[in-house]
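For reference, TrEMBL has these:
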type	residues	note
DOMAIN	19-198	domain 'ABC transmembrane type-1'
TRANSMEM	25-45	transmembrane segment
TRANSMEM	57-78	transmembrane segment
TRANSMEM	84-104	transmembrane segment
TRANSMEM	144-167	transmembrane segment
TRANSMEM	179-198	transmembrane segment
TRANSMEM	228-248	transmembrane segment
Amino acid sequence: MNGLLDVFYQRKEELYQLFLQHMEMTAIAVLLSVCIGIPLGILITKNKKASGIVIGTANLMQSIPSIGLLAFLVPIVGIGEKPAIIMVIIYALLPIIKNTYIGITGIDPLTVESANGIGLSKMQSLFQIQIPIAMPYIMAGIRISAVTAVGTVTIAAFAGAGGLGWFINLGLNANDPDLVLLGAIPACLLALVVDFILGKAEAVLTPEGLKAADKIHYRTRKEQNRRIAGAVVFFVIIFLFPVVHTLVANLREKQDTLVVGSENFTEAIILGNIYSQLIQNQTDIQVEERFNLNGTMITMSAMENGDIDTFTDYTGVLAPNVLGLSLSENPENLYETVKEKMLQEYSMQVSQPLGFSNTYVFAVTRETSEKYGITKLSQLLEQAGELRLGCTTAFTQREDLLPKLQTEYQTEFKSVDGLEGNIRYQAISSGKVEVVDAFETDAILMDMDLVKIEDDIEYFPPYEAVAVTREDSFQKFPELREVMETLEGEISTEDMTEMNYKVDIESKTPKETAIEFLKEKNLIE
């Protein structure tokens with residue numbers, strides 16, 4: 001508990017900003033969902049065939065994994081809040097549409113007929129009779145959608161939209177429960193507050209005749225209309241404020257802004273902060289940060305769309321995942337090939353290597369190393385049949401990794417389990433596996449005192465860290481190239497490992513870690 005309080009005090013300003021972002025995206029998504037869902041729910045009450053199609057489609061859309069939907073939307077609408085809000089709207093529509101439909105179709109036909117009998121038009125009957133009677137159902141759907149939206153918005157962080165999911169992702173990367181809770185607890189509290197407020201709104205908007213006897217308050221029509229008007233004004237203000245705030249932000253002049261992006265792991269976020277701070281300190285360029293993008297493909301989509309101008313990646317990632325090159329062919333010239341192809345195919349310039357290679361390594365505990373006499377990869381392969389491997393899904397699927405070991409070296413581990421992120425480190429710590437895949441600069445290897453297996457057969461390809469920048473960004477900001485070149489060859493493997501350690505183990509922020517590094521290298525004052 002003390003750890004959580006310490007993290008809260010250290011990051012309370014950042015938490016406040018991310019909380020506002022989270023509220024903003026939730027409010028916009030729910031407001032738009034209501035504006036779409038209620039009219040659509042009303043329309044399909046007139047056509048039974050259409051109702052089946054619409055509700056079935058909404059059901060189908062809800063079954064799509066959120067990360068997959070986000071990855072699909074990014075190439076179409078770009079990164080940031082837009083894909084996140086669209087994703088949340090898609091998930092929020094079903095309860096609103098379905099409850100509106102059920103609420104209205106469940107009204108006794110004699111009630112509607114009576115309304116027609118006293119001379120009410122169809123629109124008057126809808127707004128004065130049907131919607132008020134269906135209001136408890138409609139509000140229940142809105143409450144479900146709003147609470148769901150609060151949770152779903154946490155995924156927005158993977159598209160560079162911020163929100164409380166940022167802390168959750170940082171905590172997962174660093175295996176830090178306090179950071180995860182720093183994002184999760186405010187999200188839970190926000191969901192409870194939203195549900196409470198909407199519950200009060202439901203009580204105001206529900207006709208007195210539909211309430212339980214002990215909940216009925218006898219008021220004049222004037223008093224009731226005043227309460228409803230007050231509730232409507234309150235919610236218009238609550239929901240429109242973030243909408244207006246976003247519109248104003250989007251209308252600001254962006255032409256002189258350089259957008260620095262990063263992927264969603266500690267090292268990439270640190271490097272993004274290093275470039276951001278360096279550019280801001282050495283130039284007058286206005287910098288916008290779009291960190292925590294979910295993987296190379298989403299980041300590359302953002303680069304192609306012009307949503308970001310620069311990010312860091314690795315030659316061993318760009319070659320197979322972006323350029324479709326085989327890492328087994330001519331690995332010694334991989335950097336030159338990647339640099340040439342990125343310029344030819346994407347009009348993006350690749351910097352000189354930053355100075356470190358975050359290549360794959362196998363890691364074992366000291367006990368396993370001593371028991372089996374394993375310090376080198378050749379020794380590990382000889383003992384593989386007695387060892388259980390826990391590795392990422394990518395490691396099991398990429399042709400140059402585990403499949404190559406199995407086909408070219410006839411290596412078969414005792415068992416292979418696909419374990420993502422820090423779960424594989426928990427598995428080796430608890431003795432569930434003996435071997436894990438890792439990266440050269442992973443800080444957790446140092447923290448857990450794991451033994452990195454020396455690649456004596458030069459099996460793993462080089463993963464040299466490089467900066468990738470749009471060619472037109474250098475044309476737009478002529479001073480940018482010289483500033484970015486100052487980092488080339490300046491970050492050693494030891495430097496990067498130490499920075500990862502500060503963030504993942506010592507819980508420093510990526511920004512302060514980046515500033516410390518730049519000051520140590522005398523690149524900023």
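Just so it is clear, glycine is given a Cβ too, placed from its N, Cα and C backbone atoms.
No curator has checked TrEMBL annotations; they are predicted automatically.
The transmembrane segment (84-104) shares more Cβ pairs under 8 Å with 25-45 than with any other stretch in the list 25-45, 57-78, 144-167, 179-198. Only residues 6 or more beyond the boundaries of the transmembrane segment (144-167), in the same chain, are considered here, and those with a CB under 8 A from a CB of the stretch are 11, 15, 17-19, 21-22, 25-26, 29-30, 33-34, 37, 66-67, 70, 73-74, 79-81, 83-84, 87-88, 91-93, 95-96, 99, 179-180, 182-184, 186-187, 190-191, 194-195, 198, 261, 264, 290-294, 298, 302, 308. Only residues 6 or more beyond the boundaries of the transmembrane segment (25-45), in the same chain, are considered here, and those with a CB under 8 A from a CB of the stretch are 51, 54-55, 81, 84-85, 88-89, 92-93, 96-101, 104-105, 126, 131, 138, 141-142, 145-146, 149-150, 153, 156, 161, 163, 190, 194, 238-243, 246.
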